[in-house]
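Trainee: I'd like to ask you about the structure that follows.
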Amino acid sequence: MEPILHEYGSLLLRWTHIIAGMAWIGSSFYFMHLDASLKACADIPPGKGGEAWEVHGGGFYQVKKYLVAPDFLPEELGWHKWQSYATWITGFFLLIWVYYYQSSIFLIDPAVMNLKPITALVIGLGGLAAGWIAYDQLCRSRLGDKPLVVGIIVFAGVVLAAFLYQQVFSPRAAFIHTGALMATIMSGNVFFVIIPNQHKVVAALKAGEVPNPYYGKTAKLRSGHNNYFTLPVVFLMISNHYPLTYSTPYAFVIVALALVAGTVIRYFYNERHAGRGDKAWCWLVAAVCLILAIFISATTTPAGRMALGLPPLVSPAYAKSGPAVDVPVDIQNVVMGRCAMCHAAEPVYEGFAVPPRGILLDTPEAIAKNRKLILVQAGLTHAMPPNNITELSDEDRAMLKEWASGK
Ligand code: HEC
């Protein structure tokens, strides 16, 4: 029962995580667009805000923005913070659920570094905290007045983090931790800076004081970062279902390319919505980045090289085999006979150029490593082989199930 609950838990967490993320990014896009489309209006002095007219759902909206101080403040204000908190919280539990609960499957790769689960936990979560602190200090430093310099340092920092995670975690976990670090910075911005600053502004207004414009300014810097992070973060999150992106020694370069591509596309829309024209070069830059990423995946991942007929590249994560394992010969025979034609580095099953989902089942080590996945996909459910295409018998399935469940 436990693996079923675990699978379902993962599905439910992912479901809520994606929905919260959609709400968050959606409202972030909405407000960036709104900010960019504000026009001067009669009752707000120039430079102190503006208004936008919008049409949606059968009605017309007249939205006004007051930079810092409206003349009066109603009791009820709509805050936008739970989209962000909910995204982070569900994402955090999903990370724990998938990567830390089953750290031997997804997180720890002995060929990269043979970590103890607790050490991996400290590195993984400690890295998120350290990354946030470094970023926050950078924004608070004197450089905080130079958004471009800060932007370049943040970019370099994220790529460095991707590189460092690659030195300790499995390729897939390294990628997702890089995404989680960026997402933590985004939520940290909302929780520690943007919302508290807004509270200070509201409190000042209620006390009849003029709020310090610094609060609005720093909040804007951070929400600008958040805006430029959205596209790359989503790329990193969904990439962990695509081994071509992360199973290369140059995964950190793919991270860098995704950062640039996502940022310039956001920039294109920010400029367009602000009425500063369509900067077509942004798409050219994004396209070049993505073509480079495809090239790196094709020439440096095991699957990519296989598809191109190139000899395998010797990378640490693939060169060494894991610790010696003891998989009964009967089990090996069943898996080799019913699964490995697709789940091999070089699948022999027609139509498969690369192992599906990056899952290898062609050596005893790989079979042992994927034990829990085998249990769920072939033992407890009949998901694999697809449509039982390789005719796994009920007896063999029962045997797989018994072995995989550790009985
Ligand atoms: C005909 C080719 C083929 C055979 C044979 C096959 N698989 Fe698969 N396997 C696939 C494909 C395709 C996917 C990806 C399914 C998807 O994307 O939903 C997959 C996915 C998987 C996954 C990952 C599921 C996930 O969502 O994480 C596991 C684990 C797996 N297979 C185990 C097995 C086992 C165990 C066997 C043998 C009993 C087996 N497969 C036989 C094609 C095959």
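Placement of Cβ uses the backbone N, Cα and C atoms for every residue, glycine included.
Remember, TrEMBL labels are computer predictions, not curated facts.
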Trainee: Between 114-135, 312-333, I'd like to know which one TrEMBL lists as transmembrane segment.
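Mentor: Of the candidate stretches, TrEMBL labels 114-135 as transmembrane segment.
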Trainee: Please identify the range among 65-82, 227-244 that TrEMBL labels transmembrane segment.
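Mentor: Range annotated as transmembrane segment by TrEMBL: 227-244.
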Trainee: For the transmembrane segment (12-32) and the transmembrane segment (227-244), does the number of C-beta pairs under 8 Å, pairs 6 or more apart in sequence, reach 3 or more?
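Mentor: Contact criterion met.
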Trainee: Report, as numbers and ranges, which residues of the same chain sit near the transmembrane segment (85-102): CB under 8 Å and 6 or more residues beyond its ends.
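Mentor: Counting only partners 6 or more residues beyond its ends, the transmembrane segment (85-102) has Cβ contacts under 8 Å with 6, 9-10, 13-14, 16-17, 20-21, 23-24, 117, 120-121, 124, 173, 176, 180, 183-184, 186-187, 190-191, 372.
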Trainee: Six or more residues out from either end of the transmembrane segment (147-168), which same-chain residues have a Cβ under 8 Å from its Cβ atoms?
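Mentor: Beyond its ends, the transmembrane segment (147-168) has Cβ neighbours at 112-113, 115, 120, 123, 127, 131, 134-135, 138-139, 174-175, 177-178, 181-182, 221, 224-225, 228, 249, 251-252, 255-256, 259-260.
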Trainee: Using DSSP, how many residues of the domain 'Cytochrome c' (317-407) fall into helix, strand and coil, respectively?
Mentor: 46 helix, 0 strand, 45 coil
